[in-house]
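Down below is the structure, laid out as structure tokens.
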Amino acid sequence: MSSALEVEGSGSPGVEPAATATASRLKRHDSLFGDAEKVSGGKHHGGSAVSWAVTLHLAFQSVGIIYGDIGTSPLYVYSSTFPDGIGHRDDLVGVLSLILYTLIIIPMLKYVFIVLYANDNGDGGTFALYSLISRYAKIRMIPNQQAEDAMVSNYSIEAPSSQLRRAQWVKHKLESSRAAKMALFFLTILGTSMVMGDGTLTPAISVLSAVSGIREKAPNLTQTQVVLISVAILFMLFSVQRFGTDKVGYTFAPIISVWFLLIAGIGLYNLVVHEITILKAFNPWYIVQYFRRNGKKGWVSLGGVVLCVTGTEGMFADLGHFNIRAVQISFNCILFPSVALCYIGQAAYLRKFPENVSDTFYKSIPGKYRDRLNFGPLFWPTFIVAILAAIIASQAMLSGAFAILSKALSLGCLPRVRVIHTSKKYEGQVYIPEVNFMMGLASIIVTIAFRTTTSIGNAYGICVVTTFMVTTHLMTVVMLLIWKKHLVFILLFYCVFGFTEVVYLSSILSKFVDGGYLPFCFAMVLMTMMATWHYVHVRRYWYELDHIVPTAELASLLEENGGVRRVPGVGLLYTELVQGIPPLFPRLVRKIPSVHAVFVFISIKHLPIPHVAAAERFLFRQVGPRARRVFRCVARYGYTDALEEPREFAAFLVDGLKMFIQEESAFAPHQEMIDAAADDDDEAAARPRRSTSSAVHSEEAIQAASSGRTTASSVQLQAGGEPPAAMDVEEEKRLIDREVGRGVVYLMGEANVSAGPNSSILKRIAVNYIYTFLRKNLTEGHRALAIPNDQLLKVGITYEI
């Protein structure tokens with residue numbers, strides 16, 4: 001039987017220990033052993049070697065990036081909490097106490113001192129938590145895991161200890177239960193959808209609340225005119241997104257710092273001048289009295305109180321730009337004292353002027369009072385800084401939404417669209433044109449339709465609290481599976497924060513008909529899109545996997561119908577599969593009976609880690625006899641890595657291919673020994689079995705699928721011990737350079753997916769209508785990869801799933 005075998009570096013069936021030892025001693029740099037074994041480690045600010053000077057600098061920079069949203073909340077919290085006015089003067093003490101302890105419990109205790117430590121090699125957010133869990137337990141739906149992936153820098157992590165049966169039990173349940181996998185996936189896309197809703201509502205409520213202050217100087221302005229001014233600012237905000245923030249980003253921290261100084265100073269002034277006894281709100285007993293006095297009305301008011309913690313998730317999501325210590329310092333030393341003083345001062349002011357609750361912030365600015373309206377010298381500076389702070393808060397939320405969506409693309413949850421990186425200095429600064437247009441349009445429509453911050457706040461709170469709850473549930477899994485904390489601590493975490501968030505959510509849901517329905521509509525649309533796309537993406541992958549062409553049939557495939565011509569140049573065929581020859585290739589050969597002199601099957605694969613070092617980017621394998629010059633390449637990226645431009649990508653790939661050929665020759669002297677130990681290749685092993693309990697491979701099946709029973713050494717052998725074609729290595733490298741000079745052609749499949757004839761109505765709607773609509777209207781295909789049209793060849797193919 002003439003077929004190719006690949007020999008596993010350790011523990012492969014049919015490989016003698018001597019061969020394994022030989023392979024392990026040779027430090028190869030091809031993708032299947034050497035590159036995977038290298039540990040270069042990405043630089044990150046979270047390292048223990050970071051000095052205090054760097055940490056303090058990062059703490060200052062973090063003020064402008066992650067605190068704009070939560071820092072501008074004083075613009076609208078009291079007006080949202082008391083939409084019908086203040087019923088009792090002591091209600092202010094109870095609400096202030098609620099605000100203070102909400103700030104302490106959720107942002108400070110939960111996020112700053114617990115959640116930040118669950119980062120994924122420095123990156124935070126809902127998607128990072130899901131990726132972290134997926135490295136400990138095989139919960140991802142697409143069966144493209146390879147043993148080499150676990151050897152990439154930043155990937156390998158300590159497995160759960162065998163002494164801790166609970167962690168092993170949780171891991172087993174997650175891997176064997178389809179319901180558990182679906183639940184975690186559902187939580188992830190729910191969190192992503194709510195962040196997108198947050199990114200739509202943050203600009204609307206922040207800009208509208210800041211602009212509303214102009215009516216203090218121009219009381220003749222109508223609310224319609226205020227809305228139109230806000231719409232103009234929003235239009236400019238979304239229009240300049242494509243330029244990024246590289247040129248002006250350095251001003252964010254100073255502007256937000258000035259904002260915090262202003263609101264802290266104004267709050268301190270109001271506290272001293274109006275009523276210093278408001279400090280008794282630090283006694284939580286006033287919360288109990290507030291609910292006793294107001295009952296259901298007090299419970300409903302929690303929907304306004306929770307707006308004081310908007311933007312909290314940003315501390316975690318933007319952690320990749322800073323480190324834990326920097327965020328802890330900036331929160332506890334800058335943010336919390338500033339906003340706490342602001343809320344305390346506003347409460348002291350409202351105790352004296354409760355009728356001004358609808359516009360507390362601007363009317364509490366110190367100055368000479370004339371008919372209880374402020375005309376002091378601080379008004380215009382505060383108004384201008386408030387506008388700038390609102391824009392920065394919106395910009396930070398938009399940047400976070402773009403970054404999260406770019407991560408969702410790597411999970412296969414959205415159509416492939418082009419992600420534009422707007423900064424060469426700061427990673428993670430991305431721009432997605434289609435998403436920017438839809439979010440900008442939605443934000444403007446919301447501003448025009450709702451008109452007031454109170455109405456928008458009803459919708460805003462649902463996005464905020466739902467994201468909190470998603471993080472709480474994922475964090476509980478992290479504590480059980482990865483941190484392996486004591487069960488008492490885990491239960492305490494889940495009960496305290498889960499109960500707090502459920503109470504807030506129940507309050508916000510009471511305002512469902514008053515605007516609360518909006519984020520649910522956003523979430524339903526986005527989740528339907530992501531779930532449908534991911535479902536078809538997985539089913540399509542399985543279809544291709546079930547119809548792979550065995551490597552042993554490559555020779556007969558290339559020689560059918562009188563033979564296939566080898567034309568000059570390099571052909572790169574893109575495929576989702578990481579093993580086997582995709583069904584697209586036979587169709588290409590039959591339609592166009594020619595194959596390029598150097599032919600490479602390319603798979604772009606996203607690993608559940610933030611970054612993959614450039615030296616570890618490519619995995620190569622020889623496909624068939626060496627003389628045919630047919631290769632497989634898996635290009636691996638982290639979920640925050642940017643795809644290179646085509647020319648740069650091709651240059652890196654060719655360099656890696658030549659290195660692979662160079663070091664393949666190092667195995668020639670050991671070929672006979674390994675051949676004697678190797679079994680005949682069994683193509684059936686390359687076809688992974690479906691697990692009866694889930695749509696993901698079992699661990700054994702993944703091993704077989706990803707490597708054809710073998711992985712680490714990537715030695716390509718002839719079954720009969722026949723040595724590879726004798727060709728001088730340097731000559732072969734020159735041949736590759738020559739073919740590259742003759743042109744590189746990119747080949748892609750234009751797949752049309754349809755539901756099978758026996759499919760249910762729901763499946764037909766999802767596949768034939770929703771998926772098809774998304775594919776035709778949103779997918780950019782080769783444009784997302786920036787492939788030039790004059791170098792592209794598309795091959796049509798139909799899949800019936």
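Note that Cβ sites are derived from N, Cα and C of the backbone, with glycine treated the same way.
Asp84 and Lys352 share a topological domain name in Swiss-Prot and therefore face the same side of the membrane. The transmembrane segment (95-115) and the transmembrane segment (220-240) are not in contact, since fewer than 3 Cβ pairs between them lie under 8 Å (pairs 6 or more apart in sequence). Non-local neighbours of the transmembrane segment (248-268) in the same chain are 60-65, 67-68, 71-72, 74, 334-335, 337-346, 364-366, 378, 381-382, 385-386, 388-389, 392, 395-396, 423, 426; each lies 6+ residues outside the stretch with a CB under 8 Å from one of its CB atoms. Across 220-240, 376-398, 430-450, 462-482, 512-532, stretch 462-482 shows the highest tally of CB pairs under 8 A with the transmembrane segment (182-202). Contacts between the transmembrane segment (488-508) and the transmembrane segment (376-398): absent, as fewer than 3 C-beta pairs lie under 8 angstroms at sequence separation of six or more. Between the transmembrane segment (299-319) and the stretches 220-240, 430-450, 462-482, 512-532, it is 462-482 that has the most C-beta pairs under 8 angstroms.
Note on the transmembrane segment (462-482): residues 106, 110, 114-115, 118, 126, 129-130, 132-133, 136-137, 157, 160, 166-167, 170-171, 174, 184, 187-188, 190-191, 194-195, 197-198, 201, 306-307, 309-310, 312-313, 316, 489-490, 493-494, 497-498, 501-502, 504-505, 508-509, 516, 519-520, 523 of its chain, located 6 or more positions outside it, place their CB under 8 angstroms from a CB of the stretch. Across the topological domain 'Cytoplasmic' (483-487), DSSP classifies residues as 2 helix, 0 strand, 3 coil. Looking only at the topological domain 'Cytoplasmic' (320-328), the predicted model's pLDDT averages out at 83.
If you count C-beta pairs under 8 angstroms between the transmembrane segment (430-450) and each of 220-240, 376-398, 512-532, the highest count goes to 220-240.
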